[in-house]
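K.L.:
Please see the structure below; I have some questions.
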């Protein structure tokens, strides 16, 4: 009887060291603190809330809406604007599928995803439990690219703050589509480029006078500016022609958004773009100018080095290209896409095998001499994969290992960042363990804004992979950073314009100085116009002389050739006429000789004595007719 009762008691799952769990990037099996600390006293908890041992955000976001979170952050900002603490925004996007699984349910507030697997799509009993994952916002399959941009990216560009935007998810879940879109539905990168150049339409400077070099803004001399323009021209010549495609995208974007132009005459804006790829923990420049090679074959790519200097992280030797329009930036983006590494797997026919980071740096120069920098990083992270499901081997297996390793390090960094605010002796964020985290350490350390767009395919066969992705996102949602400081630099000299310094004397008339400066600049403009006209006239006269000399030389050559041809034809005609005359003369002489012989025969006397044998022959005398 006792043995029967013991057998009916369910056994607790015992973790085995012989058959370990599948390694992944999630942190759901790490130990949890038993003691909980109440952060907000004003939030009323429901009596129905139940905390789970294995859920990261099961009840923390179940009854809390996004409006309450925003209200708390606004109150904190009003209390102390210098020490504002905010966390990264984490968005969830569900890919449209034909038969969506019922294991994924979105709450009415559209900020909590409830997962509960009721089929045999997972081998772990813990994964079958109902879990609640909180997000800043959740986009279902009906939400388009316009709403995603307006929610995730548009406000940050209008606020002119540095931001890193990452797309994370499994292979084939729509990460690249969210960033780039297609020919009809533009992604967030084309929309962001169009938004940036519309905002600064009247202030975009046409010459590369400032550049971000090794994390610092540097003034470029004329020869350096000319070199940057040559690099820009070479790369644009290599880019595909997308004029018609850009016009279609522009029409779509203009129809979806009403971007406004900022009117500012005191600021000059320069835009630089760069594109980098992290493949097998090696950093490659996707906008590098290909070297000239004598032999045929693939050109080996150069591995770049990530360097940190005084808190600034940069890639040594990375090509940064100066652009003046959204079309130029989009052409460079397409060029980098063609050079990035793609391969086919059993999950995705065109799977990205590397992490790609497209950066847009905006440098603004104020007439007071202060420059500000705004950087927008768009990171297309490679999809996390399970080797058993993808069936990779060889090179694909090596790529999958490196991808999962870098994503695991990213998860460790996010986990460490989330515990920094909770513990006094927190672990150091291990951003040096991966090239990806080294490049994104500014966002991981809270120096820049961080936004993550998590993409999920709501199907039962991807349930375990989606749980790993959701657990990864829940770690990022718990991070709290202080408000980043806007980067400002001061330059001693600028080539945009020479501003007159304000008089240090008391009572100095600054308006009078500006008027004098305006008059001086107008006179300088007139002088430049006069010099330009004079140079054009001299150049025109020089060209006229060169053209006249060239045409005269051509005419003389043609005349000489014509005279030579006429001489040859005349000589040939003369020879032909002489030959005809000589032949005709010989013929006439022969005829004359023949006639003379006949005359001699007729005048011969012996011919008179010849008597005809015919008696009837007439005996009339022969008459000799003279030609005369």
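Cβ coordinates are placed from backbone N, Cα and C, and glycine is handled just like the others.
Since this is a predicted model, take the numbers as computed values, not measurements.
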K.L.:
Based on the annotations in Swiss-Prot, which residue of 351, 503, 607 is described as phosphoserine?
P.N.:
607
K.L.:
Looking at 341, 371, 609, which one is marked phosphothreonine in Swiss-Prot?
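P.N.:
In Swiss-Prot, 609 carries the phosphothreonine label; others show none in the record.
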K.L.:
Run through 123, 612 and tell me the one Swiss-Prot describes as phosphoserine.
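P.N.:
Among 123, 612, the residue Swiss-Prot annotates as phosphoserine is 612.
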K.L.:
Give the mean pLDDT for the coiled coil (509-612) on the 0 to 100 scale.
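P.N.:
Looking only at the coiled coil (509-612), pLDDT averages out to 86.
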K.L.:
Give me the non-local Cβ neighbours of residue 173 (ATP binding site): same chain, 6+ apart in sequence, Cβ-Cβ under 8 Å, ordered along the sequence.
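P.N.:
The list for residue 173 (ATP binding site) reads 95, 383, 455, 456, 457, given in order along the sequence.
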